[in-house]
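Positions annotated as Zn(2+) 1 binding site by Swiss-Prot: HIS68, HIS109, GLU144. As annotated by Swiss-Prot, Zn(2+) 2 binding site applies to GLU144, ASP178, HIS213, GLU258, with the evidence given as sequence analysis. Per Swiss-Prot, Zn(2+) 3 binding site is recorded for HIS181, ASP226, HIS228.
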Amino acid sequence: MLLGSHVSMSGKKMLLGSAEEAASYGSTTFMIYTGAPQNTRRKPIEEMNIEAGQAFMKEHNLSNIVVHAPYIINLGNTIKTENFGFAVDFLRQEIERAQALGATQITLHPGAHVGAGPEAGIKQIVKGLNEVLWKEQIPQIALETMAGKGTEIGRTFDELAAIIDGVTLNDKLSVTLDTCHINDAGYNVKDDFDGVLVEFDKIIGLDRLKVIHVNDSKNPMGSHKDRHANIGFGTIGFEALNGVVHHEKLTALPKILETPYVGEDKKNKKAPYGFEIAMLKNQTFDPELLEKIQGQN
């Protein structure tokens with residue numbers, strides 16, 4: 001089973017440090033940002049410690065890693081077009097970085113229309129992706145399903161399908177499905193995930209689904225909020241998310257946890273991932289999980 005979490009990539013260790021963190025959680029896969037998600041400053045590829053990282057991954061059965069593009073990249077903005085060229089250039093470089101790291105999927109928030117309307121935003125995203133993608137690239141851009149907060153595009157499968165249909169080299173496009181986001185967008189993950197997959201297959205095609213973000217939600221279905229909760233402690237619940245992780249149609253896909261760190265004060269928050277991964281492997285909900293996470297050294 002390909003199950004892991006978001007891990008950091010920083011310092012001198014870079015990819016090796018990410019792989020070590022993932023292994024410490026009992027992961028078989030992981031997701032990284034190539035630098036801080038809130039900015040676009042990036043180290044050169046030769047400083048990412050790729051050889052040592054990949055050797056460690058091989059030894060510890062870690063594979064199918066995912067890169068997450070920074071969320072400040074907005075291809076959908078038709079209001080402030082001066083940032084468009086930069087976003088296109090950055091994404092092209094991100095594909096090169098992902099390829100060097102050995103990742104075949106780059107999760108990307110499609111963008112926001114910032115008031116111009118979804119149609120204008122979709123058109124602009126299509127234009128951007130047509131400039132970004134090239135025939136020889138190996139990694140796919142995995143457009144993420146969004147919660148529909150503000151003017152986000154990708155709140156429905158139809159919006160993602162419209163982007164995919166508009167892009168010339170759309171064999172380079174795939175989809176990241178986030179359980180919290182689609183719940184908050186109005187899809188019934190809790191009681192009818194099979195129905196959600198049927199709808200996804202009809203509109204986009206299950207063959208495009210390449211990454212799953214496994215998150216519970218702090219908000220009710222259809223709230224358009226996007227606030228992640230720890231597994232089993234939100235409105236989706238453990239049973240449904242365990243069903244997603246162990247779903248027979250999703251066996252080959254990396255499942256990535258992006259659940260919140262646990263703790264009352266910011267300085268002492270603890271990573272939940274080792275505990276949540278173990279719980280999902282055991283397929284039994286632990287109501288005392290949050291206390292156990294907080295109690296770790």
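The backbone N, Cα and C atoms fix where each Cβ goes, glycine too.
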The one of GLU144, ASP178, ASP226, GLU258 whose CB sees the fewest other CB atoms within 10 Å, among these binding-site residues: GLU258
In the same chain, outside GLU144, ASP178, HIS213, GLU258, whose C-beta lies within 8 angstroms of the Cβ mean position for the Zn(2+) 2 site? THR107, THR145, THR176, LEU177, THR179, CYS180, HIS181, VAL211, ILE212, ASN215, ILE256
Close in space but at least six residues away in sequence, with Cβ under 8 Å from that of HIS228 (Zn(2+) 3 binding site), the same-chain residues are CYS180, ASN215, ASP216, SER217, LYS218, GLY234, GLU258, THR259, PRO260
HIS181 (Zn(2+) 3 binding site): tally of other CB atoms within 10 A of its CB: 28
Helix, strand or coil for HIS181 (Zn(2+) 3 binding site)? Use DSSP. helix
Whose Cβ lies within 8 Å of the mean position of the Cβ atoms of HIS181, ASP226, HIS228, the Zn(2+) 3 site, other than those residues? ALA147, ASP178, CYS180, ASP184, ASN215, SER217, LYS225, ARG227
Whole-number Å distance between the CA of HIS109 (Zn(2+) 1 binding site) and the CA of HIS181 (Zn(2+) 3 binding site)? 11
Whole-number Å only: compute the distance from the Cα of ASP178 (Zn(2+) 2 binding site) to the Cα of GLU144 (Zn(2+) 1 binding site). 7
Close in space but at least six residues away in sequence, with Cβ under 8 Å from that of HIS213 (Zn(2+) 2 binding site), the same-chain residues are THR107, GLU144, THR176, LEU177, ASP178, THR179, CYS180, HIS181, LYS255, ILE256, LEU257, GLU258
Which residues of the same chain, at least 6 positions away in sequence, have a Cβ lying under 8 Å from the Cβ of HIS68 (Zn(2+) 1 binding site)? HIS6, MET31, ILE32, TYR33, PRO37, ILE106, THR107
Cβ within 8 Å of the Zn(2+) 1 site's Cβ centroid: which residues qualify beyond HIS68, HIS109, GLU144? ALA69, TYR71, THR107, LEU108, ALA142, LEU143, THR176
